[in-house]
Every structure is written in C-alpha cells, then in structure tokens.
Amino acid sequence: MKFPMVAAALLLLCAVRAEEEDKKEDVGTVVGIDLGTTYSCVGVFKNGRVEIIANDQGNRITPSYVAFTPEGERLIGDAAKNQLTSNPENTVFDAKRLIGRTWNDPSVQQDIKFLPFKVVEKKTKPYIQVDIGGGQTKTFAPEEISAMVLTKMKETAEAYLGKKVTHAVVTVPAYFNDAQRQATKDAGTIAGLNVMRIINEPTAAAIAYGLDKREGEKNILVFDLGGGTFDVSLLTIDNGVFEVVATNGDTHLGGEDFDQRVMEHFIKLYKKKTGKDVRKDNRAVQKLRREVEKAKRALSSQHQARIEIESFFEGEDFSETLTRAKFEELNMDLFRSTMKPVQKVLEDSDLKKSDIDEIVLVGGSTRIPKIQQLVKEFFNGKEPSRGINPDEAVAYGAAVQAGVLSGDQDTGDLVLLDVCPLTLGIETVGGVMTKLIPRNTVVPTKKSQIFSTASDNQPTVTIKVYEGERPLTKDNHLLGTFDLTGIPPAPRGVPQIEVTFEIDVNGILRVTAEDKGTGNKNKITITNDQNRLTPEEIERMVNDAEKFAEEDKKLKERIDTRNELESYAYSLKNQIGDKEKLGGKLSSEDKETMEKAVEEKIEWLESHQDADIEDFKAKKKELEEIVQPIISKLYGSAGPPPTGEEDTSEKDEL
C-alpha cells in the first residue's frame with residue numbers, strides 16, 4: 001500500500017507578537033528579499049516604514065546574474081549583466097528556473113536549450129559549469145548561484161544599514177514545491193543568512209498592499225507576472241488579517257518567454273533575408289536578447305521601437321522595427337493564457353468577478369498594456385489598482401514581514417493565513433489517489449490517516465506521495481516515495497499504520513509513520529530529499545562562498561596595487577617628458593637615471609600582469625628609492641616624490 005508527500009504549500013505568514021516577544025532571540029535587523037528569476041530586490045522596515053534599498057549602482061532592483069571573467073574576477077548584479085554579450089558562456093542567470101528541480105524535469109530540458117552557459121547533470125540534478133578564469137572549470141549547484149545573488153542583496157542592505165545582516169525573509173513563487181523551497185533556504189544558508197520565513201510572492205504583495213487598506217473585509221486578486229513565473233492569488237483582508245483563499249498560476253511563464261518569442265521571430269526573419277542562421281553564434285543571440293528586452297520595455301509607453309545592433313553577425317549590422325501590434329501578435333496566446341488561472345482562482349473560491357474589490361498587478365511584465373487591457377476586460381472594465389510599484393511590491397511585503405519578525409511594533413496586528421496550492425495524497429491499491437490534504441487547506445496543517453497492508457505477513461509498505469487533482473495517481477505529480485519497514489507478520493488489513501502529513505509555516509512537509517500495534521514510530525525521510533543538498537555539501541558551499549569572497553578581496557587588492565605602480569610609473573614618465581615641468585629641471589644624468597628606472601618598471605609590468613601584491617609593492621618601492629633622492633635634491637627638501645594619485649592635482653606645480 002502506498003502514500004505521498006505534500007507539495008509546496010504556500011507559506012503561512014504568521015505575524016505573531018507579544019507572546020513571542022519574551023522568548024525571541026536577538027535577530028538584529030531582519031531584511032526582506034525578493035529573490036526573482038530575472039531581478040532581485042531588498043527592503044527593510046525602519047522607523048515605521050519600508051525602505052527599498054538601492055544597490056551600489058543606484059538601482060532599486062538588481063539583476064539576478066553572476067559572471068566569471070577571464071581574469072578570474074566574479075561579478076554579481078548589474079556588472080554581470082552588462083558584460084553578458086562579451087562573455088555569454090560564463091554569465092549565469094535564470095538559476096531560479098533550475099533550483100530544486102531534477103535533471104529529467106521537462107522544463108529543465110526545455111530551458112537548457114536556450115541558456116548560453118553549460119548545464120550538466122550531477123547527482124540527478126542540473127549543475128552549472130563555467131570557466132572561472134585561468135583555464136579553471138568549476139561546477140556550481142543552482143543554490144550556489146542563488147546564494148551569490150542573496151549575498152549581493154545582503155551586502156546592499158549592510159551598506160545602507162551600516163551593520164551586519166544575518167536574518168532574512170525570502171520570497172518564492174506560490175507554486176514552488178517542497179524541494180524548491182528547501183533549496184531556496186539552502187541558498188540562504190550558503191550566503192550566511194538565516195532564512196526565518198519563506199513566503200509566497202503574491203502573499204508578500206498583498207501585505208504591501210494591505211498595510212494602508214484596513215477597514216472592512218476586502219477580496220483582493222493578486223496578479224503577479226514577473227520575469228520567469230506567473231502567480232494568481234485570491235486573498236481576503238479583514239482588519240489586518242490576511243487569508244489566502246486560493247492560488248493558481250504557471251511556474252514557467254514570464255517576461256523572458258515574451259522576449260524569447262520576439263527573438264525567434266527576428267532570428268527567422270534574419271535567416272529569410274540573409275540565409276544565415278545566427279543561432280550558432282551565442283554572442284549574437286545574447287546581443288539580440290538584450291536589445292529585444294529594451295524594445296519590449298519601450299513598447300509599454302510607445303507604439304514602436306527600433307532595434308539596432310552594430311556588427312550583429314559576421315560583421316553585418318542588424319536593423320529592424322518592432323511595433324507594439326507585432327509584439328502583441330507574437331505573444332497573444334501567452335497573454336491570453338494568463339486569464340485561465342484567474343478564472344480557476346475565482347471558481348476555487350466560489351466568487352464572481354463582481355465580488356473582487358481590488359485587483360493588484362505585480363511584476364514588471366504587468367506594465368505591458370495588453371496584459372493590463374486583458375485583466376480590465378476580464379473584470380468587466382474594472383481598473384486594476386496602481387498604488388504599488390510592480391517591481392518592488394514583493395520585496396516591500398517581505399520587508400514588512402521581516403519587521404514583524406524583528407519585533408518591530410509599528411507593523412501592528414498583521415496576520416496572514418496561507419494555503420496549500422494542490423491536493424496532497426497517497427497511492428492506494430489500484431493506483432487510486434487517496435486525498436489527505438485537499439487543495440487550498442490553510443497552513444500550517446497536520447492530517448493523519450490509518451492505512452494497512454495489502455498482503456499477508458507484509459513486512460514493508462511503500463508509501464508514494466502525490467500532488468494533484470486527478471483521481472488516479474498516474475495523472476498526478478509524484479513528490480516522493482519512502483518505505484516503512486519492520487511491520488510484524490500479520491494477515492492483510494490487520495496492521496494499523498498511521499501516516500501523518502504536517503506542513504509547517506514555510507510550506508515544507510514532514511512525514512511521520514507509526515505502527516499502532518507496536519507503538520513503533522518512525523520519522524520518514526522522503527527520497528525527494530535526496531535531490532537536496534546534504535549538510536556536508538551545504539557546509540562545503542558555505543566555505544566555497546567565503547573563499548570566493550576572500551579571493552574577490554585579494555584580487556581587488558592585487559589590481560589596486562598593480563594600478564598604483566602603473567599610474568606612478570606613467571605619471572613620472574609624462575613629467576620627465578614635459579619640458580615645462582620636471583623634464584626641464586632635471587640634469588641630463590638624473591633624467592637618464594629616472595627614464596631608465598621608469599622604463600624598466602613599465603616593461604616589467606607588461607610582462608608580469610599576474611605578479612603578487614608583494615612584487616608590485618617592492619617594484620614601486622625600488623622606483624621610489626631611485627626617484628626620491630633626485631626629487632629631494634631638486635627641491636632641496638625631503639618631500640615625497642610625485643605619486644600617481646597626486647598627478648592630477650599637483651601636476652601644474654612641478
């Protein structure tokens with residue numbers, strides 16, 4: 001006889017207050033992070049309000065990109081995305097499309113066709129293989145890449161707050177299953193963050209929205225269409241209490257899919273016009289991706305956009321126009337498909353269109369005019385709410401929840417109830433799906449049921465855990481399998497085995513089984529966990545992450561020291577060659593000595609780009625020891641020689 005494990009229940013967001021206050025550990029300032037497929041965003045609850053924090057480039061959203069340069073430097077965020085076209089094979093993005101999934105997952109197989117970097121199979125999971133500089137190849141788990149993005153968000157918050165950040169609330173799509181949620185928590189651990197809560201993106205958006213809408217009961221529909229995922233949630237908000245009534249969506253629909261359609265259109269068009277297939281040139285495809293994304297954004301506010309790419313392919317330029325009408329035509333089936341989950345959510349919550357009080361649009365893709373029009377038409381002309389920046393709403397809500405967990409009183413009596421998005425059940429004789437937890441059950445939840453053996457003296461039962469709505473398990477999604485062994489010999493149907501499913505506040509499942517006859521209790525490990533990182537792997541990845549940070553620091557120091565020597569040598573060279581300045585004041589002997597010393601160092605630099613910090617420092621000191629006495633003699637003082645830094649400001653005085 002067989003059973004199943006719980007899906008990705010939607011997280012409960014329980015904003016507890018005074019009763020936890022006494023026993024709460026000091027967690028410092030907890031940050032809220034929207035770890036997105038394409039962009040990430042971080043916020044903090046401070047002085048009674050949410051601050052969305054800008055990164056070092058001044059941007060409030062950061063690309064979820066990590067790159068490794070040929071020089072061995074690691075770039076994260078804007079810097080990584082900006083060099084995508086020149087280094088596509090070693091620029092990693094869309095890690096969220098791979099996290100917590102198995103190699104054989106059809107969506108993984110579909111995705112890797114379009115990713116410019118190499119994805120390989122390791123321990124039945126997709127791993128990312130890149131050249132990290134110096135001819136070294138390294139494979140990373142998707143969790144490690146996500147951890148690097150989380151580290152960037154953590155550092156962004158630390159720079160703003162002026163102190164260390166150790167605890168966070170991180171958001172995931174409502175449809176993420178157990179493995180994907182666990183993998184996201186693991187990414188936090190690797191980044192040195194204690195992820196206190198995993199919360200659903202639409203839930204977070206509802207919190208952001210709910211803060212200023214506190215009177216009476218309201219039905220809110222959250223329509224969240226981002227770069228990689230689509231979620232629809234129906235929430236009721238009553239005096240600060242949120243309840244997620246129903247959710248639906250598509251884990252694999254978003255802005256990137258719209259870009260892909262446009263790219264395919266232009267690749268075909270280019271082949272038709274020139275007979276050339278650009279697909280085989282990664283760099284050309286990435287250039288096109290970048291320009292198509294820009295054009296798509298422009299079309300939200302204008303009716304046509306020009307796509308110009310210099311030396312696009314084999315030295316030829318690319319120049320085409322994309323109209324809003326063409327963009328809509330290429331994606332119309334995808335746009336229309338977003339209405340199905342909206343319909344489903346209304347059916348699940350027994351509500352009519354007219355019962356919806358507010359429609360909240362979240363995610364950058366909801367800026368597309370056609371999407372806004374379809375939503376408005378679906379709700380018979382009702383205008384969606386525009387009170388929230390769609391890029392920041394999720395991080396905003398996560399920051400409010402983080403404020404609650406920090407013990408910040410200003411968030412008030414905010415409570416949020418969440419639900420399990422799919423029915424969870426087990427397989428019983430004949431491949432029947434026996435339901436344990438119906439979809440849209442509020443979590444956290446715990447359900448138990450008694451099962452028995454299917455044959456005489458059966459020592460083991462195999463339990464298969466499924467999620468889905470179909471009556472037969474073959475049509476549903478297998479989440480995991482485990483065995484309960486050591487059942488004493490008995491006729492079929494006699495042993496009583498109590499199986500308990502428990503979903504915690506993060507929507508993560510625990511399964512316990514108890515043989516009622518013997519009182520033997522076993523905690524069951526779902527084989528799904530085998531796709532998770534082991535504690536040892538996580539520890540190794542944490543160490544790797546620390547090592548990377550250390551290497552990044554060392555590399556920067558080395559580059560800075562090299563630059564100091566270089567600018568010092570060139571500054572001297574320029575001044576010696578300038579008759580108005582140092583060149584006109586030196587004796588020919590001193591001039592020759594200095595010129596020779598400077599040339600030696602410049603030649604040495606050209607052939608020793610990869611020297612150690614100590615070598616650069618030593619060479620600079622050697623040069624100073626030759627130059628210093630000459631300059632001192634010239635000025636009759638023991639003042640320091642001109643340095644590279646002084647070059648710009650002190651130049652005129654020499």
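Using the three backbone atoms N, Cα and C, a Cβ is placed for every residue, glycine included.
Checking Thr518, Thr561 against Swiss-Prot, you find O-AMP-threonine recorded for Thr518. The stretch that Swiss-Prot tags with motif 'Prevents secretion from ER', taken from the ranges 251-254, 323-326, 443-446, 651-654, is 651-654. When Swiss-Prot is compared with the stretches 90-100, 332-342, 354-364, 409-419, the one noted as region 'Interdomain linker' is 409-419. A separation of roughly 87 Å, to the nearest angstrom, links the Cα atoms of Lys353 (SUMO1 cross-link) and Lys585 (N6,N6,N6-trimethyllysine).
Cα of Thr518 (phosphothreonine) to Cα of Lys591 (N6-methyllysine): a distance of 97 Å. For Lys591 (N6-methyllysine), applying a Cβ distance below 8 Å and a minimum sequence separation of six or more within one chain yields Ile576, Gly583. Thr518 (phosphothreonine) has a Cβ environment of 11 other Cβ atoms inside 10 Å.
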